[in-house]
Amino acid sequence: MDTIFALATARGKAGVAVIRVSGPRALSAGQTLAGDLPPARKAGLRRLTDPRGEVLDQVLVLQFEEGASFTGEKVVEFHCHGSPATVTAVLRTLGDMDGLRMAEPGEFTRRALENGVLDLAQVEGLSDLLEAETEAQRRQALRVLSGALGEKAEGWRSALIRAAALLEATIDFADEDVPVDVTPEVLDLLCGVDATLKAEIAGVDAAERIRDGFEVAIVGPPNAGKSTLLNHLAGRDAAITSEHAGTTRDVIEVRMDLHGLPVTMLDTAGLRDSADEVESIGIARAIARAKTADLRVFLLDGTGRTEGLDPLPDDIVVRGKADVADAGTFAVSGKTGAGVADLVARIASVLQARAARAETATRERHRLAMKRACDAIVAAENRLSLGMDGAELAAEDLRCAIRALDSLVGRIDVEHVLDEIFARFCLGK
Ligand SMILES: Nc1nc2c(ncn2[C@@H]2O[C@H](COP(=O)(O)OP(=O)(O)OP(=O)(O)O)[C@@H](O)[C@H]2O)c(=O)[nH]1
Ligand SMILES: [K+]
Ligand SMILES: [Mg+2]
């Protein structure tokens, strides 16, 4: 096993830069650079020198024992001064040592997975946590990183193992008198797992929105002030505005943090019948994107028409140009900012209600595994509802379900997803 090292903090100038070394030679590499090391998990101030005796930096050194580190291997960390030159000098010196090499992106985390420090779902949680930009993303990712999905899977697993064992006991005694009918207990166990799995599956959609962001489309007639509103929300001139109806053609996307939720706000072409070929393409795009968005804000002019796109129940309908609208109507103005806080609060409240449906599972991969498990459990329930003749096949169904749940945490059959998951990691993680 190679000993690997990398800069664990971001590149560039900073107060501190952390360089992590992991593997069998981490300790000797640390000693070569820093002399004697402080005891495990105790920081010590040391001078790093290269083999010619040149002082590279004065740093804090930490060592972690095998089995008690991020990777599960022996780890030494140098908390250096965060200048690019210092980092380069230390990395170069480490690279010159025998048996040491620069880590690949995600390689520390891959070792953590291989050594059982993290399960696969936790690795996904860590990846999401490193990407988190909003409060909702941070909370969700931290929940997965802390092992919440693995705990749930373990609960389902042990219930299914118990159910399968009960069935197998009856199969083995098929020729004898079986003292008790196990079907009610088995069905009870399956029913419990089934119900919580279904809730988890139903929550994946919301969890994915929290991860990737909700899409909110601003739609309405030309010149209602859609682009002006987008610019106000973005705090910058993201879209061109003008007094000419039909200014916006392409869909313009702006990422923002709305009350802690990640949102991509879409500005779209004004909806109307247009003879202009390019504008018509823009309008078709506007309608297509508005339909697939999670929520639409209909920004209307004085006529109140929604121009051929109908609001869905949660959609928000609001009059634009509040400064010239009748008093008393719900109106916003991107120009003056009037009503914008109210609009944002309404958008956030709709999206928060949806986000609340998220459980623990966050990915399509999780959904598919849980769906496979759920289908197998339902198949077992159906067989058992016809009596104990189906016990043997039902037990096989349950083993299928257990295998599907095992793939959630990476216990089996996940080689093919590893590259995809680790591709998202940056160097040094
Ligand atoms: N009085 C007033 N004028 C506004 C307001 N918002 C936008 N306008 C003006 O209305 C005109 C149209 O604004 P835009 O933001 O380009 O409108 P739009 O809905 O994006 O228009 P299209 O992209 O052509 O569909 C511009 O002249 C803006 O300055 C507002 O809140 N009050
Ligand atoms: K316009
Ligand atoms: Mg516009």
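Glycine too: its Cβ is placed from the backbone N, Cα and C atoms.
Keep in mind that TrEMBL annotations are predicted by a computer and have not been checked by a curator.
As written in TrEMBL, here are the features:
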type	residues	note
BINDING	R20, E77, V117, K429	(6S)-5-formyl-5,6,7,8-tetrahydrofolate binding site
DOMAIN	213-352	domain 'TrmE-type G'
BINDING	223-228, 242-248, 267-270	GTP binding site
BINDING	S227, T248	Mg(2+) binding site
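When the neighbouring Cβ atoms lying within 10 Å are counted for each of the binding-site residues (V117, A245, A269), the highest count belongs to A269. Excluding the listed site residues R20, E77, V117, K429, the same chain places A8, S22, S69, F70, T71, V75, F108, T109, A112 with Cβ atoms within 8 Å of the centre of the (6S)-5-formyl-5,6,7,8-tetrahydrofolate site Cβ atoms. With respect to their backbone Cα atoms, S242 (GTP binding site) and S227 (Mg(2+) binding site) stand 9 Å from each other. Restricting the binding-site residues R20, E77, V117, S227, K429 to those with a CA within 10 Å of the CA of A269 (GTP binding site) leaves S227, listed by sequence position. Across the binding-site residues listed here (N223, S227, S242, T248), the residue whose Cβ sits among the most other Cβ atoms within 10 Å is S227. The distance from the Cα of A245 (GTP binding site) to the Cα of K429 ((6S)-5-formyl-5,6,7,8-tetrahydrofolate binding site) comes to 50 Å. K226 (GTP binding site) falls within a helical segment according to DSSP.
Close contacts with ligand 2, defined as a Cβ under 6 Å from any of its atoms, occur at S242 among the binding-site residues V117, S242, A269, K429. Of all Cα pairs drawn from R20, E77, V117, K429, which the record names as binding (6S)-5-formyl-5,6,7,8-tetrahydrofolate, the longest spans 18 Å. Each of the binding-site residues K226, K429 was scored by the number of other CB atoms within 10 A of its CB, and the lowest score belongs to K429.
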